[in-house]
Structures are given as C-alpha cells and as structure tokens.
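Below you'll find the structure, written out as structure tokens, and then a few comments.
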Amino acid sequence: MSNDTQPKIAIIGYGSQGRAHALNLRDSGFDVTVGLRAGGPTEAKAQADGFIVVAPSEAVKSADLVAILTPDMVQKKLYEEVIAPNMKQGACLLFAHGLNVHFDMIKPRADLDVVLVAPKGPGALVRREYEIGRGVPCIYAVYQDTSGKAEQFALTYAGGLGGARANIIKTTFKEETETDLFGEQAVLCGGASSLVQAGFEVLVEAGYQPEIAYYEVLHELKLIVDLFYEGGITRMLEFVSETAQYGDYVSGPRVIDAGTKARMKDVLTDIQNGTFTKNWVAEYDAGLPNYNKFKQADLEHPIEEVGKKLRAKMVWLNGQQQAAAAPANQQAA
C-alpha cells in the first residue's frame, strides 16, 4: 500500500507481542491506537510509550485493521462482546495465532477481511531486530478475503513489523495453528521439558549428584540449542566431540524411537481433530484444576530447587533474569 492509503491500525492487547507490534508499526509510519481495559496491567506502559490508549470498543470503531493480540482464551468473549459489535464495515481483522478461528470458536463477520501475521520470534526480539535495521521472519495467512485486498493488508502489516527485511512466508490458518500447537506440545515445551526431567531423574536415581545431573541435562542444553538455531543439527554435530557425535548416532534413536514417533503422531491427531482444543477449553472453563495441578508438580520437581541454587551462583544470568521478570505471556486487554 502507498503511504496515503496505509490502514489505520488498532492493537488490542499490549503484552510481549502487542507492544512490539505497536512500536514497530508506529515507527514504520502507521497511525496506531492501543485498545486496553482502563486500569489494566499494561495501560500505564502503553501510555508511557506515547500511545493513545482507549477502551477496545472505542479503538476498533475507526480502525481499518484490528489486531487481536490478547491470550487465546479471552479472544472469543472479547470478539463477540466488544470487537464484532463495534468494528466498522469492511475492516480487516488480524490474528497472530489461528486457534480461535481455525477451530470455529470465533466466527468472523462476513463483511470483514480476516488474516494472520505471526513473527517467528518473541516480542522483545521483534522489537530489537527492528530497531537495529533488521527484522524477524513472519508467516501470514488469509482466512477471509471479502474486499479482495486481504493479502495486501497482511503483507503491509508484516512489512510494518520488519518482516520484509528478513523473510515472509505464506501459510494457512490450519497449517499455522496445527504446526504451532504440535511444536509446543511434542518438541519445544512438552517434549523438551519431559526429556530433561526424565534425564535428571535417571541420573539422580542412579546415585549421581543432583547438581551434576542438572548441569548435564539442563544447563548445557542451551549450548546445543544455540548451535541448532545458528545452523541446524549438522552444525551442532560439527562443534561437539567425536565421542558426542557417536553417542548421538547410536543412542539418540534408542531414546526417540519408532514408538516415540508414533505417540507424536497421536498428539498431532488430537490437535488436528480438535480434541486438544476441546479439552483445553473445558479445562479453562472449569477454572484450570488440572492445569494448576500440573503446574504445581513442575514447581515441586527436584530439578527446580537444584537449579535455583546453582543459578544463584551464575552471576552472568542476573541481567537476563531481571529482563525475564515481566510476564512472557500477552496480557488480556
């Protein structure tokens, strides 16, 4: 879009992603308003950043594009009660994750364009890369193209975030939602956490010191993941010893075997057919009893107390811990 036809944007939510999106878009020349609850946890932050902050119902009224950047589980009610009744005819509705739309929890008005733009990095990185003249890759999708310009809206928004400086890849709401959930559950969060805890337990139960076990299965994981991030699995293998490489080749498949892969497929099936989302909605509506139980169990796992003591002596982590003190999750509007 040319400068004189750039959409007026309303950002609903001001958590990690919301703040980065709002700041980058404003610095890219867009007219950005932030919609938040009066007295909400991030209202003062948005105001301190120089934004006009109004109620979400007001923010969306004159916006050409409304970006919903609040947690997944509040979006349905927010859309039905606040956004849908107030969005102007023919505007564009944008999501950073497709869960609610793909699984029909949000059914957008027929007159709206509906798109998705998701930077592939946390909000702090999205902002930092933009400020130094680079960008974080973005994926985008079009769910509903009423105006014939939905894709243009998505690409314009992604460009405003800095995504065009890096890479922009087209996807679908289905693909983004299902692969994102699978990655979180089977590998990045659920898979990695369970693997680390199991490895710690095996070593401690075999009589090794918990502190040594912590270093071997958790602390050093960052070194490996950083190499993955920089150049893939083969780069990691280039930087470890031949002994470690051989152990990778012969023991990795013993831990992650065909049975593990089959169970990963089961996880994917539950995501694809909506079982996971149905269960998650029911859990949330019930007040999170199992969620809280699982969370407490993780907090009480022996690796946490050991790690807390060891990290207290890692003085180089102090600045990182302070930066991480703010909630990583996006805040409700």
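In case you wondered, yes, glycine gets a Cβ from its N, Cα and C as well.
Since the structure is predicted, the reported quantities are computational estimates derived from the model, not experimental observations.
Within the same chain, residues at least six positions away from His97 (active site) with a Cβ under 8 Å of its Cβ are Asp72, Leu116, Ala118, Glu176, Thr177, Asp180. Among the features that Swiss-Prot reports, active site is placed at His97, with the record citing sequence analysis.
Asp180 (Mg(2+) 2 binding site) counts 17 other C-beta atoms within 10 Å of its own C-beta, drawing on all protein chains shown. The annotation Mg(2+) 2 binding site is assigned in Swiss-Prot to Asp180, Glu216, Glu220 on the grounds of sequence analysis.
Proximity of Ser241 (substrate binding site) to non-local residues of its own chain (separation of 6 or more, Cβ distance below 8 Å) is seen for none. Annotated substrate binding site per Swiss-Prot: Ser241, in sequence order.
Per Swiss-Prot, the feature domain 'KARI N-terminal Rossmann' maps to 1-171.
Look at Swiss-Prot and you will find 172-317 tagged as domain 'KARI C-terminal knotted', backed by sequence analysis. Secondary structure of the domain 'KARI C-terminal knotted' (172-317) per DSSP, as helix, strand and coil residue counts: 125 helix, 0 strand, 21 coil.
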Least buried by Cβ count (within 10 Å) of the binding-site residues Glu216, Glu220: Glu220
